[in-house]
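According to Swiss-Prot:
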type     : residues                                                       : note
DNA_BIND : 162-226                                                        : DNA-binding region
DNA_BIND : 325-390                                                        : DNA-binding region
BINDING  : CYS193, CYS198, HIS221, HIS223, CYS356, CYS361, HIS385, HIS387 : Zn(2+) binding site
COMPBIAS : 8-38                                                           : compositional bias 'Basic and acidic residues'
COMPBIAS : 419-429                                                        : compositional bias 'Polar residues'
REGION   : 1-45                                                           : region 'Disordered'
REGION   : 140-166                                                        : region 'Disordered'
REGION   : 284-317                                                        : region 'Disordered'
REGION   : 410-439                                                        : region 'Disordered'
Amino acid sequence: MEEDTGIDEAKTYTVEKSEKVEPEKDGLSQFRDEEKSLGADMEDLHDETVRETLGKDQVQGVRENSSVEPNVEDVLEVNETDSVKETVVSAIVPVDEVEENRQVETSPSLAASSDSLTVTPCLSLDPATASTAQDLPLVSVPTKQEQRSDSPVVNRLSVTPVPRTPARDGYNWRKYGQKQVKSPKGSRSYYRCTYTECCAKKIECSNDSGNVVEIVNKGLHTHEPPRKTSFSPREIRVTTAIRPVSEDDTVVEELSIVPSGSDPSASTKEYICESQTLVDRKRHCENEAVEEPEPKRRLKKDNSQSSDSVSKPGKKNKFVVHAAGDVGICGDGYRWRKYGQKMVKGNPHPRNYYRCTSAGCPVRKHIETAVENTKAVIITYKGVHNHDMPVPKKRHGPPSSMLVAAAAPTSMRTRTDDQVNIPTSSQCSVGRESEKQSKEALDVGGEKVMESARTLLSIGFEIKQC
C-alpha cells in the first residue's frame, strides 16, 4: 500500500510539473511569433519605401528624357507608422514610358547627366500639416532638347605645329647664340656662315610657339653658294629672292628682312638686276687684278706682309739671359711681382714667373735654375718696357751692372730677338766676330743698343745673336 501511494504521488508531481512547463513553452512560442510578425512588418515597410523611391526616380527620369510632358497625377499619401510619420510623393506612370526610361538610363552618355540631378528627399510632416503638401509647386525639369540648346558647343581644334626650320637659302649656317626677347615675346637665334673668312650672319626671330616669324640677314657672302646635287623649288625661290646686302663698294653692312611666311616670288624680279650688277662688279675687280703688272703686285704684297708683321699685338720680344745664381729678382734695375710658378719637364727646379710692377707695362720674365749648373739661372724676358728705369730702393741695393746691360734691349721699342750669354768667368776673348755683331746691333737697335754692347765689351762679356 505504501508503494502504491508513492507511485501516485510521483505521477501527480510529474503532471503538475508538465502543467507548469506548458505555459512557459506557450509564452516562448508566442514571443517568437511576435518577433517574426514584427520582422515581416519591417520588411514590408522597407519594400514600400524602396518602391516609392524608385517611383520618384522614374518620374524624374521620364520628365528629363521625354520630349512631350506625360500626363502624371501626383498623389499625396500619408503613411503612418508607430514611430515615424512620413509623406511620400508618388507618381502614376504608364508602363511603356517606364520601359523607355529604363533603356535611356542604360546608355552611358546619359548616366553622367542623371548623376548631376538632385533627388528631393521625403518630407516628414504631421497629419495636421499634411494638407499643405498639396500646395507645393512642382519643379519643372528641362527636357533633353532644351539642355542641348542651352549648353555651349565646344569645338576641339587640333593645333599642328609649324616646322621651326625655315626654307634653306643655299648657304651653310652654324648657330652661335640664342636669347629670349620680351617684345615681341619669343626668341632670337644667331647664325654665321660656315665658309672660311665669310662675314655673313643672319638672325631668326621666332614666336612663343617656335615658328620663325622673320629672318634678318647681315653682311655679304664672299663666295658662291655651295653646290648641291638637287634643289627643291622652294629653296630655289628663296635663294633667288635674297636681296644683296651692299649696293656699292662703300657700304660695309646692311640689313635685309625676309619674312618667312611671305612669297618671295613677288620680289624676285626687283632683285635680279641688282644681283646681276653685283656679279658684274666682282668680275670687273677680278679682271683688274689679273691685268695688274707683276712688280706692282709684288710691291703691294711686300707692304701687306710688313704691315701684318707690325700690327700683330700677340708677338713679344724674347731675350734669354744666363746669369749667376746669386742675382736678385730686382738685379736688372726694374721692379717685379711674382704671379706664378710651375714645374717644367726635364728640370727638377720650378720656374718662377714675374711681371713688371709699372702700370701698363707688358714685360714679363721667368727665372729657372739651369739643369747642368745649379749655381746659374736662366732669365727669359718677354716684351719691351714702355717706361724709364725706376729709382732703386735702398733695401734692394744697387742693381747689377752686368744684368742691367744684358736686359738693356728690353727697355727699347725694338722687335729683334736676341740672346745674351753672361758667363761666370770674368775674362773672355773679344775678336772680330764681336765687333761685327756690335755693328749689326747698331743698325737694328740704334745708339742705345750700341752703348749697351760697348758696356758688355768693356767688362769682358760676349753677345751672341740667335
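Each residue, glycine too, has its Cβ placed from N, Cα and C.
Taking the features listed in Swiss-Prot, we show where each one sits on the structure.
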residue : record              : DSSP (3 states)
CYS193  : Zn(2+) binding site : strand
CYS198  : Zn(2+) binding site : coil
HIS221  : Zn(2+) binding site : coil
CYS356  : Zn(2+) binding site : strand
CYS361  : Zn(2+) binding site : coil
HIS385  : Zn(2+) binding site : coil
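All chains included, 19 other C-beta atoms sit within 10 angstroms of the C-beta of CYS193 (Zn(2+) binding site).
Considering only the binding-site residues HIS221, HIS223, the Cβ with the fewest other Cβ atoms within 10 Å is that of HIS223. A sphere of 10 angstroms centred on the C-beta of HIS385 (Zn(2+) binding site) encloses 19 other C-beta atoms. Neighbour counts of Cβ atoms within 10 Å were compared for the binding-site residues CYS198, CYS356, CYS361, and the top value is held by CYS356. Within 10 Å of the C-beta of HIS387 (Zn(2+) binding site) we count 13 further C-beta atoms, all protein chains included. Summed and averaged per residue, pLDDT over the DNA-binding region (162-226) gives 85.
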